[in-house]
Amino acid sequence: MTTPAYKRVLLKLSGEALMGDDPYGINRATIERMVADVSEVSRLGVELAIVIGGGNIFRGVAPGAEGMDRATADYMGMLATVMNSLALADAMRQVGITARVMSAIAIEQVVEPYVRPKALQYLEEGKIVVFAAGTGNPFFTTDTAAALRGAEIGAEIVLKATKVDGVYSADPNKDPDATRYSTITFDEAISKHLQVMDATAFALCRDQKLPIKVFSIVKPGALKRVVMGEDEGTLVHV
């Protein structure tokens with residue numbers, strides 16, 4: 001296949017993926033490698049939006065959040081995603097990729113607010129859009145934000161980048177007999193109790209008939225192979 005399989009995609013990155021082998025924070029070499037993968041896909045003409053988590057930063061302050069009100073802790077997590085989004089966008093700009101960070105909570109001196117028509121305009125102009133601050137509401141994960149934004153922008157697929165190269169029948173780190181699914185339906189994943197995304201995000205994707213591709217961001221070239229429609233990771237579909 002010489003042309004990409006998708007025109008517009010939503011890439012979900014976990015904050016933990018930015019840590020590399022560090023205990024928390026942002027590993028510079030890791031983020032530069034991710035940006036190289038992202039820029040390669042962008043240059044193929046694929047319209048790319050990104051939702052990133054905040055676990056790598058929140059992990060460093062988590063002990064101090066014990067006993068904290070859940071909503072307050074969630075807002076702290078949203079701010080962590082803004083920091084990650086700024087770091088990612090800055091790294092992209094340094095390699096000549098135009099990126100725009102749009103936040104679900106107002107921090108107008110730092111990033112612009114999320115406005116759907118503006119996000120669509122940026123994508124059509126070939127810019128990468130990084131959605132920060134989750135959904136802007138506590139009690140919702142960044143997985144749910146990825147499903148929501150993916151549906152809003154009309155993405156053809158949600159690409160969930162993890163440290164594991166797909167969905168397995170069991171934990172491959174614990175069960176040597178665990179097998180990777182190449183494709184699986186939403187209903188099969190539910191019946192087999194496979195953890196693909198949190199329940200809210202998973203239900204939203206299923207209801208909107210928005211497929212999910214789970215793949216390893218650690219594998220070199222995996223993102224490009226996914227976008228080109230090659231057999232990489234696990235496709236979850238209706």
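Note: Cβ is positioned from N, Cα and C throughout, glycine not excepted.
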Binding-site annotation, Swiss-Prot, UMP: partner of GLY54, THR135, GLY136, ASN137, PRO138, PHE139, PHE140, THR141, THR142 in ASP74, ASP165, ASP171:
ASP74
Swiss-Prot has LYS12, LEU13, SER14, GLY15, GLY55, ARG59, TYR168, ASP171 down as binding ATP; which of THR3, THR162 does it also list for that site?
THR162
To test your reading of the UMP site: which residues beyond GLY54, ASP74, THR135, GLY136, ASN137, PRO138, PHE139, PHE140, THR141, THR142, same chain only, put their Cβ within 8 Å of the Cβ centroid of those residues?
GLY77, MET78, GLY134, THR144, ALA145
How many Å separate the Cα atoms of THR141 (UMP binding site) and SER14 (ATP binding site)?
11
Structural state of THR141 (UMP binding site), classified by DSSP into three states:
coil
